[in-house]
Structures are given as structure tokens and as C-alpha cells.
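Here the structure comes first, spelled out in C-alpha cells, and everything after it is commentary.
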Amino acid sequence: MATHCYIKKLKLHNFRNHSNFELDSNCNSVVITGKNGIGKTNILEAISLLAKSNGMKKAKASEMQNRFSSEDWAVYYGFFNGTDFNSIGIAKNFNKKLIQVDGKTQSSYSSLYRISNVVWLIPQMDYILLNSPSDRLKFLDRIASLFEENYTYCYMRYRKAKHERSKLLRENILDENWLSSLENIMAVNAVNILDMRLSVLKILQDTIDNHSTKFFPKVSLKFSSQLTLNDTAEYFQSRLKENRAKDSLTGRVTFCVNNDRFQVFCQKRDIPINLCSTGEQKLLLLSIILSSVKARCIHYNKAPLLLLDDIMSHLDKHYRKVLVEEILSIKCQTWVTDVDRNNFDSYIDSFKFIEL
Ligand SMILES: Nc1ncnc2c1ncn2[C@@H]1O[C@H](COP(=O)(O)OP(=O)(O)OP(=O)(O)O)[C@@H](O)[C@H]1O
Ligand SMILES: [Mg+2]
């Protein structure tokens with residue numbers, strides 16, 4: 001059984017449309033229901049602040065402030081981290097955020113990253129796998145960063161060096177030492193990025209193939225790269241050097257991990273996701289998200305919190321049931337929002353229900 005973290009108590013004060021809201025999950029997964037505009041998504045957004053300073057909507061602290069109150073917003077989480085309880089507070093403080101863990105003010109967000117991990121699927125992500133190749137790659141990067149702590153660090157180092165190299169080439173500053181030092185940073189990190197992308201994809205595909213519930217649609221994850229695992233950082237660096245003139249003209253990096261291709265196929269029909277129906281696309285996206293959470297539990301023995309906003313839309317009765325079964329099979333605390341409580345009628349004992 002994976003280390004099971006969960007939120008037991010949640011309190012929102014002047015956060016979005018909630019002046020004062022509190023709930024006790026009784027350590028269960030939670031289904032939040034209520035009519036449109038009542039504040040379901042806002043509750044998930046407050047939870048997502050545990051993972052990302054600007055939350056799942058990428059909003060500023062000022063946007064989260066209840067428009068009808070001048071008193072700063074605050075969110076309190078009674079959080080079980082798998083071993084102990086933590087009392088976590090995040091509050092708006094002069095357009096920044098004040099973070100407290102067990103009464104101690106934290107200097108940065110990194111202490112929260114060590115305690116909690118949150119994964120979400122929100123309607124804004126519905127088309128993420130249908131968008132441009134770079135958006136699909138960004139989605140893969142998000143998943144990879146869930147598994148490999150080092151991933152984001154490597155990726156940021158790579159991106160920063162790539163950006164600086166492009167600037168030098170654009171401005172025709174052909175300083176050999178400077179360029180080769182940036183290309184070295186790009187090459188070393190690119191080799192690591194490829195290695196981590198491939199290992200995460202392998203873990204994920206294995207989980208999809210062998211650990212999904214029987215009726216849940218499966219995806220095939222397809223990936224190709226200009227680099228191979230046999231290529232060394234030196235080789236990659238030499239290709240970057242060789243391509244300087246070309247890259248300077250095109251403004252792109254000709255040979256690089258940002259040209260990697262990530263595609264998602266419906267396994268049963270062997271067709272790309274963009275040729276599937278809207279409901280099928282939603283299920284395939286869910287299959288990846290749920291499998292990555294499951295894979296994290298299986299391979300890393302650590303369950304994240306899972307936030308699923310408005311996921312029943314586009315699904316028929318059969319697949320709504322299949323989806324609930326799949327969620328329950330993961331055994332991590334899941335927060336689901338829906339306008340219709342009837343979708344969960346057969347699972348009364350498996351969730352804590354909150355009707356707003
Ligand atoms: N800063 C704010 N202050 C006050 N109200 C806000 C603020 N930000 C958003 N709201 C309002 O909060 C309400 C609830 O939004 P939310 O997205 O949580 O609804 P919901 O229950 O998820 O609805 P739906 O079922 O349509 O998805 C909206 O009417 C929105 O306008
Ligand atoms: Mg909503």
C-alpha cells in the first residue's frame with residue numbers, strides 16, 4: 001500500500017467566492033457537488049496551492065482575494081503526510097504568499113513540495129493532447145516531473161542555456177568560450193532529460209497495460225527523438241556547434257530534445273487521439289493522468305492527492321461508472337467535482353460527499 005497522504009480538514013477564508021468554508025474529509029476521497037457557479041472548482045484551486053504557488057489556474061494572489069472583503073484570504077490544511085499530521089497555512093500577504101507549516105513560517109515553497117504532491121485534471125486541459133507538438137511535450141514534461149525530482153531542475157537549466165545561446169546567435173556574438181559553455185550545459189542536461197523521459201514513459205505504459213481496470217480505455221504512448229540513449233553529451237554538443245549558423249538563421253535549435261515527438265494513440269483502435277470522439281479523448285487523457293498517479297504509487301510508494309474537476313462531462317452512463325471504479329482502484333485521496341451527485345449513488349460508502 002502506497003504512503004497515503006490526505007487532507008483531513010480544509011478551511012477557506014475569503015478565498016474566491018468562499019468567505020468562510022470548512023470541511024472534514026474523514027480521511028476519505030471527496031465528491032463536491034452543487035450547481036454551476038457555486039464554488040466547487042474554487043475549492044480544488046485552494047488545494048492546488050499546495051503544489052504550485054499560482055495554483056491550477058495560474059492565478060495571482062490578488063485574483064484569489066474575495067472581491068467583497070478587504071481582509072486577506074487564507075487557506076488552512078490539516079494534512080496527513082503518510083506518517084504525521086501537518087498543520088499547513090497559506091495566506092495572502094501584501095500580494096505575496098505567507099506559508100506556515102506547524103506554526104513555523106517557511107522561507108520558500110520548497111518545504112511544501114517535500115510534504116505534498118498534487119496532480120490535477122481540469123477542463124482547460126481537455127485539448128492539451130490535441131494541441132501543437134510543443135504543448136504535448138509540455139504535458140509529458142509535467143508527468144515526468146512527477147516521477148523524477150531532478151527533471152524540473154535539468155529542464156530549467158537546459159531551457160535557460162538554450163535561450164541564452166539563441167540570444168547570442170541572434171545578436172551575432174560569436175564568443176567561442178561563451179557559446180561552448182552554454183552548449184555544454186544544454187548537452188549534459190538534454191541527455192538526462194531524454195533518459196528521464198524514456199524511463200517515465202516505460203513506467204507509464206507498463207502501468208497502463210498491466211494495472212488499469214478491465215473496461216477502462218487504454219492509450220499507447222508513442223515517442224521519438226533525434227537523440228538516442230547511446231548518444232553522449234559530447235556528441236550532442238558537437239551537433240550543436242555544427243548547427244550554429246543554421247540555428248542563427250532559423251531562430252530554432254535544429255538538433256535538440258525540444259524537437260522530441262510525443263503522441264497518444266487509442267490502443268484498441270490504433271488511431272491517434274485526435275481522430276477519437278470528444279468522450280473518448282477525455283477518457284484517454286484520464287487514462288494517462290490516473291495511470292501516472294497509479295505508477296507513482298506502485299514504483300515510488302507515494303500517493304499524491306488527485307484533483308478531478310468536472311470530469312463526468314462528455315461521458316456516457318457506462319463510462320461514468322467505469323471511471324469511478326478506476327478512481328477507487330488507485331487508493332489515493334481524490335477530490336472530484338460534479339454537478340450531479342447521482343453519478344456516485346452506487347458508491348455512497350466510498351466517498352465523503354459535500355453538497356454546496
Ligand atoms: N475573487 C473572487 N471573489 C469572489 N467571487 C469569485 C472570485 N473569483 C471567482 N469568483 C466566483 O466564484 C464563483 C464560483 O466559481 P467556481 O468556478 O468555483 O464554480 P463551480 O461551482 O466550479 O461552477 P461550474 O459547475 O460552472 O464549474 C463564480 O461565480 C465566480 O465568478
Ligand atoms: Mg467548476
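Placed from the backbone N, Cα and C atoms, the Cβ positions cover glycine too.
Copied over from TrEMBL, here are the features:
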type: BINDING; residues: G34, K35, N36, G37, I38, G39, K40, T41; note: ATP binding site
type: DOMAIN; residues: 6-344; note: domain 'RecF/RecN/SMC N-terminal'
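Ligand 2 lies under 6 Å from the Cβ of K40, T41, out of the binding-site residues G34, G37, G39, K40, T41. For the domain 'RecF/RecN/SMC N-terminal' (6-344), the mean pLDDT of the prediction comes to 92. Around I38 (ATP binding site), the C-beta neighbours below 8 angstroms that are at least 6 residues distant in the chain are L356.
The Cβ of G39 (ATP binding site) lies under 8 Å from the Cβ of R16, N17, H18, F21, L356, each on the same chain and at least six residues away in sequence. The sparsest Cβ neighbourhood within 10 Å, among the listed binding-site residues (G34, G37), is found at G37. Taking the binding-site residues K35, K40 in turn, the residue surrounded by the fewest other Cβ atoms inside 10 Å of its Cβ turns out to be K35. Listed in sequence order, the residues T337, V339, L356 complete the 8 Å Cβ shell around the ATP site centroid, once G34, K35, N36, G37, I38, G39, K40, T41 themselves are left out. Neighbour counts were taken as the number of other C-beta atoms within 10 angstroms of each residue's C-beta; across the binding-site residues N36, T41, the minimum falls on N36.
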